[in-house]
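A short write-up of the structure that comes next.
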């Protein structure tokens, strides 16, 4: 796989796939971190004398034009970061777009309209996607993928364009993800630990199976811990649990025991009868029948933090409790704070909820790396080859 700084891009037109799927309130962007993250690649391209045609998606328009999902706000915000006007094309393919692209001069940037206004972008088969990727590729000399957030999706702009493009490469954001996540999986400094939380074991099975045996310790919190507690024969009251995965949880615990990975589960909890009010702390042997386990308790937080403090590499995905509700946020925030204050450790965070915890704690600058991917981050940690990387490797 080649990267943008390995190609001669002077005077070339770049077709750059980015992840600008940002939250909007009307036409106002409420969080522009995804746009900000791509700026270094844009600045490098412009400094080297290239022009850039930007392509991205926003929301789920389901193959139809939806005016409220136009990329106009993203084009405006990108222009503000680059100090120039970034005109928005009326579509992403077609004669008018081709004319705009042909007239683009070195040092200029234009943005294509939402790729998902065309059903072909997300169609399942190459036959259904048709020539959509070829039409996009024809707009430029070089394809640049800088969108880790969609690297796990076999969309036309991710997997078809590289095969149709004259040249292709990864941008700096994709390069960062590749290097940090690759290092975490292959050359991690030890002790190496994984911290996983969130609601469901089912969404983390791949990570559990791939990392157990590779990490020294695996901390499990959040509602997904309930399924493991049930597998140990413990009561969990009315807590969220995946009863169909109890046997799977037992298998995972057995695998950890035989492979040298120490599994850490919570032993006390903040519980409630509803998700608004905390009733207090209970330990794992005295969970109220009408109670829900909604956060790890102080003893569990202390135990988890001791494991974190002695680690050199940490990969974190998923909160320790229902952090969106203030009474049940303390476990996640405590774990976050301890990670953020480590001086000599590589700390890697991924996933929307985990990212939200870090921003809620205002500690985003204290982590080694915060991944821009949700599903991509999970699949990378599952050991899967992401479609975006496969396409770039095969066409570099």
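Placed from the backbone N, Cα and C atoms, the Cβ positions cover glycine too.
Under the DSSP three-state reduction, residue 57 (substrate binding site) is assigned to coil, being neither helix nor strand. Residues or ranges marked as substrate binding site by Swiss-Prot on the basis of sequence analysis: 19, 20, 21, 34, 57, 58, 59, 60, 116, 153.
If you look up Swiss-Prot, you'll see 204, 324, 351, 352, 353, 354 marked as ATP binding site, on the strength of sequence analysis. Within the same chain, the residues at least 6 positions away from residue 354 (ATP binding site) whose Cβ sits under 8 Å from its Cβ are 197, 316, 317, 318, 319, listed in sequence order.
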One should report the C-alpha separation between residue 21 (substrate binding site) and residue 351 (ATP binding site), rounded to whole angstrom, as 14
Any idea which of the binding-site residues 59, 351, 352 has the thinnest Cβ neighbourhood at 10 Å?
352
Between the binding-site residues 204, 324, 352, 353, which lies closest to residue 57 (substrate binding site), Cα to Cα?
352
For each of 19, 324, 353, count the other CB atoms within 10 A of its CB; which of these binding-site residues has the top count?
19
